[in-house]
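Peer 1: Straight out of TrEMBL:
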DOMAIN    25-316  domain 'Plant heme peroxidase family profile'
DISULFID  30-109  disulfide bond
SITE      57  site 'Transition state stabilizer'
ACT_SITE  61  active site, proton acceptor
DISULFID  63-68  disulfide bond
DISULFID  115-312  disulfide bond
BINDING   157  substrate binding site
BINDING   187  heme b binding site
DISULFID  194-227  disulfide bond
């Protein structure tokens, strides 16, 4: 089992040596922990492949605010928690599934495995189930006790962010431009609501009836058919391979068929264009680079100072 010095080193220095034996943190205290998570994720994704994208996004949105401490899972009676923020409300998914996994772990080894570790493990295992590479995880996170809507509104990237704004949001949590682009490739799985693209289709730049000129016209018409103006419309797949983890997202961005304005904006900068082009090619390093970036992201600012929540949606009494 990893000693406390190693865990603190992971949490505070951002050192690159995260991999060796790190999954063994619960080897003595809860030997079946990672197996339980993996088996339950297998069952969950088999029943609904689309949830893989939801679990990945949930982990992503957690780590960008207060680090990877499961603060995104907390409820607020006054609707002022991270999950109530504009980028999260009515769009984040996977809360029920994380609670189910946590409940199974509480039966096996009560009070041992944090919700933050459950979230990190579930996101990784879900990506693997739909075709992505795995990555090692330094386990031993504790759960935070604070969750603020205002912080999520400030720190999370938006679907209409330009390239410079994306760079700033990722840099604020220690991720560089290459990692920003490759993590954007996570959009290859999951889904979006029409609300995320309505402005691009019908009110671009604040001009009534204007459509974003960076969208392929045929693709824009397809989106308009799925998302009529001022109507709720259909759920949209992030790319045409839907729930398969692959590099088709990058091909779509180059073809002006990225779903979000932020997707299209990746190629408005020479660095972004070069990276998107590289990852769009057969045999590219997308899979391994994505896993490496997820490993780094999963270590944002987490620490051993906190608690092990019994229920992920509420702090312990």
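Even glycines carry a Cβ here, placed using N, Cα and C.
Bear in mind that TrEMBL entries carry predicted annotations, made automatically and left uncurated.
Help me see these features in their spatial surroundings.
Peer 2: Counting only same-chain residues six or more apart in sequence, the Cβ atoms lying under 8 angstroms from the Cβ of residue 30 (disulfide bond) belong to 105, 108, 109, 112, 113.
Within 10 Å of the Cβ of residue 57 (site 'Transition state stabilizer') there are 23 other Cβ atoms, across all protein chains.
Around the Cβ of residue 61 (active site, proton acceptor), 22 further Cβ atoms fall within 10 Å across all displayed protein chains.
Close to residue 68 (disulfide bond) in the fold, though at least 6 residues off in sequence, lie 59, 62, 116, 119, 120, 141, 297, 298, 299, 300, 301, 302, each with a CB less than 8 Å from its CB.
Residue environment of residue 115 (disulfide bond) contains 31 other Cβ atoms, counted within 10 Å of its Cβ in all protein chains.
Around the Cβ of residue 157 (substrate binding site), 21 further Cβ atoms fall within 10 Å across all displayed protein chains.
Under a cutoff of 8 A between CB atoms, and with a sequence separation of 6+ in the same chain, the neighbours of residue 227 (disulfide bond) are 194, 197, 198, 201, 233, 234, 236.
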Peer 1: Taking only same-chain residues 6+ apart in sequence, whose CB is under 8 Å from that of residue 312 (disulfide bond), what do you get?
Peer 2: 70, 73, 74, 95, 98, 99, 102, 115, 118, 143
Peer 1: Roughly how many Å separate the Cα of residue 157 (substrate binding site) from that of residue 63 (disulfide bond), to the nearest whole number?
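Peer 2: That comes out at 12 Å between the alpha carbons.
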Peer 1: Output the one of 63, 109, 194 that, of all these disulfide-bonded residues, has the highest number of other Cβ atoms within 10 Å of its Cβ.
Peer 2: 63
Peer 1: Return only the integer: C-alpha distance in Å from residue 61 (active site, proton acceptor) to residue 187 (heme b binding site).
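Peer 2: Cα to Cα, residue 61 (active site, proton acceptor) and residue 187 (heme b binding site) are separated by 13 Å.
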Peer 1: Between residue 57 (site 'Transition state stabilizer') and residue 63 (disulfide bond), find the distance joining the two CA atoms and give it rounded to the nearest Å.
Peer 2: 10
